[in-house]
Amino acid sequence: MEGALVARDRVGIQDFVLLDSHTSENAFLDNLRKRYQENLIYTYIGTLLVSVNPYKELGIYTVKQMEQYKGVNFFELPPHIYAIADNAYRVMCTEYNNHFILISGESGAGKTEASKKILQYFAMTCPTTEQLQVVRDRLLLSNPVLEAFGNAKTLRNDNSSRFGKYMDIQFDFKGAPVGGHILSYLIEKSRVVYQNPGERNFHIFYQLLEGGEEDLLHDLGLERNPQKYMYLIQGHCAKVSSINDRSDWRTVHKAFTVIDFKARDLENLFGVIASVLHLGNIQFEEDSNGHAIITTGSQIKWISKLLGVHLSILQEALTHRKIEARFEEVLSPLDVDLAFYARDAVAKAIYGRTFTWLVNKINSSLANKDLTRKTVIGLLDIYGFEVFETNSFEQFCINYCNEKLQQLLIEMTLKAEQEEYELEGIEWEPIPYFNNKIICDLVEEKHKGIISILDEECLRPGEATDLSFLEKLEEKVGDHAHFVTRKLADQKTRKSIDWVDFRLLHYAGEVTYCTVGFLEKNNDLLYRNLKEVLCRSKNGILRECFHLSELDNRRRPETVATQFKNSLASLIDILMSKEPSYIRCIKPNDDKAADKFDDSLIRHQVKYLGLMEHLRVRRAGFAYRRKYEHFLQRYKSLCPDTWPYWQGTAAKGVEKLIKHIGYKPEEYKMGKTKIFIRFPRTLFATEDAFEFRKNRLVSRIQAKYKGCLGKREFQKMREAAIKLESCWRGVLARKLAKKRMWAAQTIRKGFIHRKQPLNRNNKDFVRLVQYTYLMKLRDHIPKNVLDKSWLKPPEIMQETSEFLRKICTRNLVRKYCRGITAQKKAQMEEKVIASGIFCGKKAGYAQSLNEPFLETRVKVRYVTPVVKYDRNGFKPRERLLVLTRVAAYVVEMAKIKQRIEYATLRGNIPAVLGALPDSVSCFQGDAILQCEHFFETVTKLCILAHKQNVSVVQGSLQFQISSGKEGTMVFTTGQDAQVYKAKNGQLTVVSPLQ
C-alpha cells in the first residue's frame, strides 16, 4: 500500500485514514473521485473496504488476480475485495475463529456482485476434493436461484435484492469449504402484487414465461406474453434490454439440478409460481347484495388444479371470511375491496413462504453431516439505508436494520481499536463519536418504542387506523429529540412534513415516513379460511409451508415488525460472536453509466453509510500502524545502520531507523509489536524518501544486472562462436582432406599417364601442370627487352612456352618503342651519327656509348640577384649569384667575376633581418654578399654544398679582407635599413626595428 503513495496526487490515496483533511467531506469525495477516474474502484478506511460500482468490466477478477492476493498481507497489495476475503480466510485458518463480512449499500451499488466475487474467490482458492467440488458448486449456484426468486428490477437497479441474506460458509480444519447455511430477512412480498412504474416483479416470473419449455407452460396454463398477467404489468416494463430472461432461466434450471432439486419439487415449485400469476388475473364484481363474486372461471380452475385444492372451497375462501363467534363459526361475504385484499394476501403468503421453503431446501443441500467442529465465514448482503420521495413500512424496517448495523460497526471498531492499543501497551484515548443507541431505542424499546406502539395499535380492539397510530406516536414519543411530526415541528420544518408523516433523525440524516399502509403491512393477515384451504393443499411445498397445527393455535401471530426485530436481534448476536470485516458499496450515478461521478448522489451515500463517522473513529488515534518487521523490511534502506541487513531485533531496528529519519516524539509511538504513526504527512515524507532511495538503488541494481546480462550474453556468444569456429574448421578440414585426396589421386593417375596423349586419365593432371606453370610464369615474365631469362617449362608445355616467349618479346619491344620520346630519339640519332664518325677510329669510343649526349653541359640550379661589397672600402656592386651542381659563381653581365668551390665553403650567418651577408672563405678573402631572399638562398646553397652545420651569429662578425688581414662587421638596429662603413673602418649593418 505504501508504494502507491508516490502517485497520490494523481490517483488518490488507497486508505482514507491517510487523508490529511480526514474530517473534510470534500477531501473524502475528491480522493474517491480521483480513484474512480483511474478505474480504481476500491479504497480502504482501515480494514473497511469502500467499493464504487464501475458499471463496466474492468478485468480485475481473473484467476491470476485471485492467485496474486492469495496468502498476501492485507496492506501489501492495492485495495481489492479479494484482499478482504483472503484476510478473513487466513485469520480464520490461523486463529481458528469465526468471521463475517458485512456488505451494505443502496440498491444498485453492487452488493450482490460483491458477495458473488467473494464466493468465487473462496471457490477458486480454497483446497478442494471431488466431493467438496459438489459443495462448492452448490454454494456458487445457490446465488442464481435466490436472485431469481428474491431479486427484481427497480428504478435504481436491474438486479436489486429485495431481501436480506446472511450466508454462513463452513470450513473444515484444512480450510476447505464443506457446507453452508443461509438466513433470509424481510422478503418484499408486497412486490408480488404491486410494482411502482418502471419496476418489475421478481425475476422468476419473467424467466419462466420467457425460457420455459412449451410443454411446461402448457401444463401450468400459462402463455409466454407477460402482458397477459396483471401482477407483471403494473410497472409497464415487462421487457428490459439489459436483462436476458431466457439465458437466466437456463442458469437457474442448471442450478436446480446441481442443488439436487427433485422433479417433483420443481413441479410443485412451478405450480406455486403459476398459481400466483393466475391469482393476479382473478377479477371480482358485486352481486345484487353488494357481495364479491369471481367473474373469471378459467383462472380459478388452474389455481385449483396447480395447488391441489377443491374448486368450490377455494372460490368460497376467496369471497368469504370465516368469523369465529363464541361457540360457532360464521362465513361472512366479502365486498369487492376485501376480496381483492384477500386475493393479494394469498399471493403474498404463498410466495413468501415458498421463498422460505426454497432457502431451507438450499440449506439442506448445503448441510454438512459431519458433526466435527467447523469454522465459518458469514456473508451478510443486506439492504443499505434507503431514502425515497415516499418512504413506507419497508424503508422503516430497512433503516432500522441499518441503525443496528451502524451501532454494531462503531462498537466493534472501537472495541478492536481499544483492544489493539491495550495489546500494544499504548494508552487508550477516549474517542468522541455519535452513539446512535438513542435512535435504536426509539424504534425498538419495549413498551415505549415505535415498533411496540405499532403492534399495540394493530392488536387493540376497535377501529385502528394509520392516523390513530400517528397520534399514538405523538403522544408517547413526541418529546424525543429524534422524532418529529407536522404537529410537533416548528414553523419552518412543518412545510416539509405531511399530516400522515413522521420524521426520524437517523445517524445518517433525516428520513420522513408516510404512515399510510403501516398497520396493514405490519399485520400481514391471512384470513383463517384461506389458511385452512392452503393447509389442505396437495401441493407438497404448500403442505410443508402451511401446517395444520397453525389452525389450532388461537394466539395472534407476531407482527411483521416484531418478527423482523427479533430476527435482527438474533442476527446481531450471530455477528457479535464473530470477527468482522466490512464492505461499503457506493453507486456513482443513477443512470447506470460508466465513468460518471455524481457528487451530490455520492455525498448522500457517504453520509447514509456512515463513512465519515467511521473514518473519524479510525483517525482519532493513529493514522498508520504496521508491524516492526514489515516497517523495517520496507524502509531499512533509508538508514545506513539497517541497510542492507539488520542483525538485531526488528523493534530496535525500527527505533534506529526512525531516529535516523528524524521522527519527532509527538509523531509516533512504539508498541510491543507495531509502530504507530499519528500523522499521514509523516508517512508521506518517509515514503517519498524511500521512493528517491529506491530509484537510486534500482539504478545500481539495473547497472549490475545489465552488466551481468551483458557478460552472460558475451560468454554465451563466445561459446557459440567457439563452437561454430570448431565446427567450421572441421568442415574446412574435411573439405581440404577430401580435396587433397582427390588431388593426390588425380596427380597420381595423371603422372602415370603424363606422356600419353591427352585422355580421360591424364586430363586433370595435364590441366593442373598447365595451370601451375602459367601461374608461376605470370610472376617471372621479363621486364625489358634486354632481359633474356625465361622460366623453364615442363615437357608437355615446351611448344606453348616458346610461343608465349615470342609473344612476350614482341610485346616488350613494342612497349619499348612506344616509350621513346622525341628528345631520346634525337639523342639516339646523334649516337648513330657519332657511330658513323668515331666507331673503330677513335680510342675510348666504346666507353661513351652508355652516356647519352646532352643539350648543354652547364647545369644551373639556382640564380638570385645579390649586392657584393668590396673588401677595400666596402663599395656595393650589383651582381648575380649562380648556384650550379658543383660550384657557386658571382657573375656580372655574363662575366664570371668569382668562382667559389663548395668544398672550400665555410659560412657564418648573422641574425639581422634585412641584411643577409654571406661570408665565403678563399685565398682572395671573404666575399660579402647581400640578398633579398636570404633564407631561400642560404637553404639552396646548403643543399647544393651538402653542408647543414651553418652557424648563425649575432652582434659582430670577423672576416678576412685578404690573406693575413681581418675586418669587422657590426650588426645593429635603427629606423631604416642601411649598410655603410663606419668612421672606425668597420662595416656596419643596420636592420629596422620590428
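Indices start at 1 and increase along the chain as displayed.
Glycine is no exception: its Cβ is also placed from the backbone N, Cα and C atoms.
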Identify the region 'Actin-binding' range according to TrEMBL, selecting from 62-84, 85-107, 568-590, 683-705.
568-590
Could you tell me which of these binding-site residues, S107, T112, has the greatest number of Cβ atoms within 10 Å of its own Cβ?
T112
Using the Cβ centroid of G105, E106, S107, G108, A109, G110, K111, T112 as the reference point for the ATP site, which residues of the same chain not in that list have Cβ within 8 Å?
N53, N157, S160, S161, G384, C585, K587
What are the DSSP helix/strand/coil residue counts across the region 'Actin-binding' (568-590)?
9 helix, 8 strand, 6 coil
For E106 (ATP binding site): intrachain residues, at least 6 apart, with Cβ closer than 8 Å:
R156, Y383, G384, F385, E386, C585, K587, Q605, Y608
Same chain, 6+ residues apart, C-beta under 8 Å of the C-beta of G110 (ATP binding site), given in sequence order:
S51, N53, C585, K587
Can you work out the mean pLDDT of the predicted model over the region 'Actin-binding' (568-590)?
88
Give me the long-range Cβ neighbours of K111 (ATP binding site): same chain, 6+ apart, Cβ under 8 Å, in sequence order.
I103, S104, G105, S161, D381, I382, G384, C585
